[in-house]
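Q: One structure coming up, written as structure tokens, with questions to follow.
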Amino acid sequence: MPLQVSDYSWQQTRTAVFISVPLRGVSVRDADVFCTENYLKVNCPPFLFEVFLYAPIDDESSKAKIGNDTIVFTLHKKEAAMWETLSLSGVDKEMMQRIREKSILQAQKSAKEAMEAKASARREDQKYTLNVMMKIEEEERKRIEDMKENERIKATKELETWKEHQRKAEEHKIVQREEKLYQQEKQIEEERKKLKHKGLTRNSVSRNLATKGRNSEIIFFEKLKEDSIPAPRSVGNIKINFTPRVFPTALRESQVAAEEEWLHKQAEARRAMNTDIAELCDLKEEEKNPEWLKDKGNKLFATENYLAAINAYNLAIRLNNKIPLLYLNRAACHLKLKNLHKAIEDSSKALELLTPPVADNANARMKAHIRRGTAFCQLELYVEGLQDYEAALKIDPSNKIVQNDAEKIRNIIQGTELKS
């Protein structure tokens, strides 16, 4: 049974009480001090000091000083007044027990409130730290995007310069060809004039011989006639127009009705596939295939060239807007570039096309829910994000990664974990 310390001393002012408790022969460092607004206890085996205070004190501002085998308490009164005694008088054992239990409950409540305040302060600090980190990451992303944009502008200018150089070189070649053709035509014209002059000279000689030698022999006259050369024909151009045809075969060998039907079907197919898009004019035939463009976008995504991948998916969607994987892959690109609303829109469009829900499209539907849920969470719309993650878990309940992410979102909604 502990020994009650009775040789203590105390003094008071209107605002404070000073208590000196001697603990001789024991280490006061091992003393267990418990203090509330109405109760004070010091347990230092084999000694026990216990007092039921006359009036309430401010236990948070009160202090205890330990040293020289003595504990000195400085207790601040809640109300300025002089106490008649240090402890309550007429306190029986039952009342003492009630005061002890009430003091313990009060201490536990105060400790809980302090712990919650500390946890709240820690969460606020973590939230502030996260906001600072997100701001730094956003600035870094913007810097990288600006750098890429500058590189793109630089490459575009270099390409335009190269095209201008090629155009000038082509114009120079055309001028050289025209000059050469002009020289050739001039030379031909001179040759024609020479031949014409020579023919006129021979004709005049023949006429003179015929006049002087009318009485000559007919054989001689025939010989002169054979030796005379007529003047060459004048140079000219003849334009020939051909009927334009799609097929290489001649019209007389073709079946016009079958050809017209084939052309009509091709035109209908182009209109259905939007192949009259201006961006397709310079592409090869296999490059106008939506599947080819999808594979091209996937390769660009793998190299982290997200903007180019989006361009490939955009063109493929314009060719065929009924392929859900095009929207699903474009949503992944938008998610990487923080285009969160566009990622939500593309994921929703992919889910519309992935109907009816069957086993073959289960993986694609799960990815669409996860990507849309991720975009919602990054927009701090955690309830909507959790709905998409739960929809993904219905498709694949055994996926541990999705389970852990869904649990984190639940904790964020409940306020037990930092938003991330």
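Any Cβ shown, glycine's included, is placed from N, Cα and C.
Automatic prediction, not curation, is the source of TrEMBL annotations.
What you see is a predicted model, and the numbers here were worked out from it, not measured in a lab.
Pulled these features from TrEMBL for this protein:
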{"type": "COILED", "residues": "104-198", "note": "coiled coil"}
{"type": "DOMAIN", "residues": "3-87", "note": "domain 'CS'"}
{"type": "REPEAT", "residues": "366-399", "note": "repeat 'TPR'"}
Q: Going by DSSP, how much of the repeat 'TPR' (366-399) is helix, how much is strand and how much is coil, in residues?
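A: Once the DSSP states are binned, the repeat 'TPR' (366-399) shows 27 helix, 0 strand, 7 coil.
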Q: Within the domain 'CS' (3-87), how many residues are helix, strand or coil going by DSSP?
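A: Computed counts for the domain 'CS' (3-87) are 3 helix, 45 strand, 37 coil.
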Q: Can you check how the pLDDT averages out over the domain 'CS' (3-87)?
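A: PLDDT averaged over the stretch: 83.
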